[in-house]
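Feature annotations, courtesy of Swiss-Prot:
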- C3-C21: disulfide bond (DISULFID)
- C14-C38: disulfide bond (DISULFID)
- C42-C53: disulfide bond (DISULFID)
- C54-C59: disulfide bond (DISULFID)
Amino acid sequence: LKCNKLIPPFWKTCPKGKNLCYKMYMVSTLTVPVKRGCIDVCPKNSALVKYVCCNTNKCN
């Protein structure tokens, strides 16, 4: 799986076991991701942070 880094078009190949790409947003600025990468389990959203996860190449 290939996931975008914080600034596309840069991306990386995920290590074994991390089969999801994710984007993390601050709830106050939902249009600007603050973190992107590979992850094994999609984290739960909180009052301050929202996660968007997906499982296809460079979908984040």
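Cβ atoms here come from the backbone N, Cα and C positions, even for glycine.
Shown here: features listed in Swiss-Prot, placed on the structure.
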{"residue": "C3", "record": "disulfide bond", "Cβ contacts under 8 Å, 6 or more apart": "W11, K12, C14, C21, Y22, R36, G37, C38, N57, K58, C59, N60"}
{"residue": "C42", "record": "disulfide bond", "Cβ contacts under 8 Å, 6 or more apart": "L20, Y22, Y51, C53"}
{"residue": "C54", "record": "disulfide bond", "Cβ contacts under 8 Å, 6 or more apart": "L20, C21, Y22, N60"}
### Task
Mind telling me which of the disulfide-bonded residues C21, C53, C59 has the densest Cβ neighbourhood, counting other Cβ atoms within 10 Å?
C21
### Summary
Cβ neighbour count within 10 Å, max among the disulfide-bonded residues C14, C38, goes to C38
